[in-house]
Amino acid sequence: MFGSLLIASLTVLVPLGHTSLPLVINTWPFKNATAAAWSALQSGGSVLDAVEKGCARCEMEQCDGSVGYGGSPDESGETTLDAMIMNGDTIEVGAVADLRRIKNAIGVARAVMEHTDHTLLVGESGQCGPECNVFPDPSKSCGPYKPRATVKQNIRAQHANIHSHDTIGMVALDKDGHVAAGTSTNGLTHKVPGRVGDSPIVGAGAYADSSAGGAAATGDGDLMMRFLPSYLAVELMRAGADPSAACKTAISRIKRHYSEFFGAIICANTSGHYGAACNKAPGLSQFHYMVSDSEPHNAIEISCFPFSPQRSYTWSPWEASRRRTVVPYSPPLCGRL
Ligand SMILES: *[C@@H]1O[C@H](CO)[C@@H](O)[C@H](O)[C@H]1NC(C)=O
Ligand SMILES: *[C@@H]1O[C@H](CO)[C@@H](O)[C@H](O)[C@H]1NC(C)=O
């Protein structure tokens with residue numbers, strides 16, 4: 001009863017079919033990140049600049065303690081960063097995982113995309129400085145490489161408020177419908193060293209295709225990465241699905257196997273329509289995301305859908321014959337259980 005009233009009132013606040021380009025959307029109410037991305041677009045930057053600047057803002061501000069340096073220590077007490085960025089025009093991706101002692105993970109991810117022929121670099125050997133502007137020339141010689149520019153690091157006071165949120169995921173579209181998407185996170189607290197979640201995995205943490213749209217996911221990455229929810233949502237939008245419906249289907253697909261997983265996804269299509277969906281789970285009944293378009297920096301709250309997998313999905317006879325009992329999933333508090 002209350003839920004349906006809430007949904008009804010939200011529908012009034014957020015008119016459906018609303019469209020406007022350019023557009024920036026990101027997971028969680030990380031408003032300064034949205035503002036940074038928006039101002040990058042407004043000052044003539046590309047959608048990649050917007051995604052990079054927006055996520056970098058969160059890395060600097062250590063959004064919720066779950067993005068950037070100093071948060072979510074692994075089992076051995078070390079913070080490692082994961083990030084990715086994707087160019088929806090060219091389907092180029094740069095991603096980094098298990099990055100240590102570098103604050104600007106999304107900057108390194110972009111450098112991987114723009115200055116190397118690779119897609120995903122991990123660990124300390126994946127580090128070449130935010131510009132990845134190295135010498136000697138990697139196309140001509142082997143390393144060791146040295147960065148040409150020094151890394152500028154901002155020392156800031158550490159925030160005390162560590163919530164259970166994770167990952168900034170962002171999608172940006174410019175007025176011509178170019179799409180970029182990206183993520184940045186410091187991963188799961190108390191993880192086994194070396195654990196990498198969904199954020200830097202293309203199609204899982206985020207996906208962008210300027211001929212279809214963009215999506216970014218947040219939540220229990222160990223589970224979500226198995227379903228490539230961002231890729232699925234973008235493909236559904238390509239096939240004509242409304243962004244909210246595409247987001248919901250991506251969430252339901254995971255729910256079929258893990259009914260209580262913690263996770264949410266944001267979706268935008270190339271005309272600037274957007275939506276989001278989340279799974280109702282312990283600690284997640286409402287999900288907040290940020291939108292900037294003609295009315296900059298609105299926080300939008302959605303109710304997570306509480307349907308059981310049985311109600312939201314009909315099993316085909318083939319699937320039903322193979323289906324194992326769906327066990328409610330509770331995320332581990334510690335890496336080793
Ligand atoms: C957002 O930016 C404002 C202005 O720079 C700053 O005062 C505020 O602390 C920032 N918010 C967070 C959560 O860091
Ligand atoms: C985006 O989604 C909206 C709402 O479903 C739809 O009206 C619009 O045609 C879609 N745009 C594209 C380019 O598919």
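Note that Cβ sites are derived from N, Cα and C of the backbone, with glycine treated the same way.
What TrEMBL says about this one:
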type: SIGNAL; residues: 1-19; note: signal peptide
type: ACT_SITE; residues: THR167; note: active site, nucleophile
type: BINDING; residues: ARG195, VAL196, GLY197, ASP198, THR218, GLY219, ASP220, GLY221; note: substrate binding site
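Feature annotations (TrEMBL) mapped to structure.
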residue	record	Cβ contacts under 8 Å, 6 or more apart
THR167	active site, nucleophile	THR27, SER66, VAL67, THR183, SER184, THR185, GLY197, SER199, GLY205, ALA217, THR218, GLY219, GLY221
VAL196	substrate binding site	ASP82, ALA97, ASP98, VAL122, GLY187
ASP198	substrate binding site	ALA204, GLY205, ALA217, GLY221, ASP222, MET224, MET225
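Take the CB of ASP220 (substrate binding site) and look out to 10 A: across all protein chains shown you find 25 other CB atoms. Residue annotation for substrate gives ARG195, VAL196, GLY197, ASP198, THR218, GLY219, ASP220, GLY221. The furthest Cα pair among them is separated by 16 Å. In this structure, the binding-site residues ARG195, GLY221 were compared by how many other Cβ atoms lie within 10 Å of their Cβ, and the smallest count belongs to ARG195.
Around the Cβ of GLY197 (substrate binding site), a 10 Å sphere holds 26 further Cβ atoms from the protein chains shown. Secondary structure at GLY221 (substrate binding site), as computed by DSSP, is helix. Other C-beta atoms found within 10 angstroms of the C-beta of THR218 (substrate binding site) number 30, with every protein chain shown included. Taken residue by residue with DSSP, ARG195 (substrate binding site) is part of neither helix nor strand, so it is coil.
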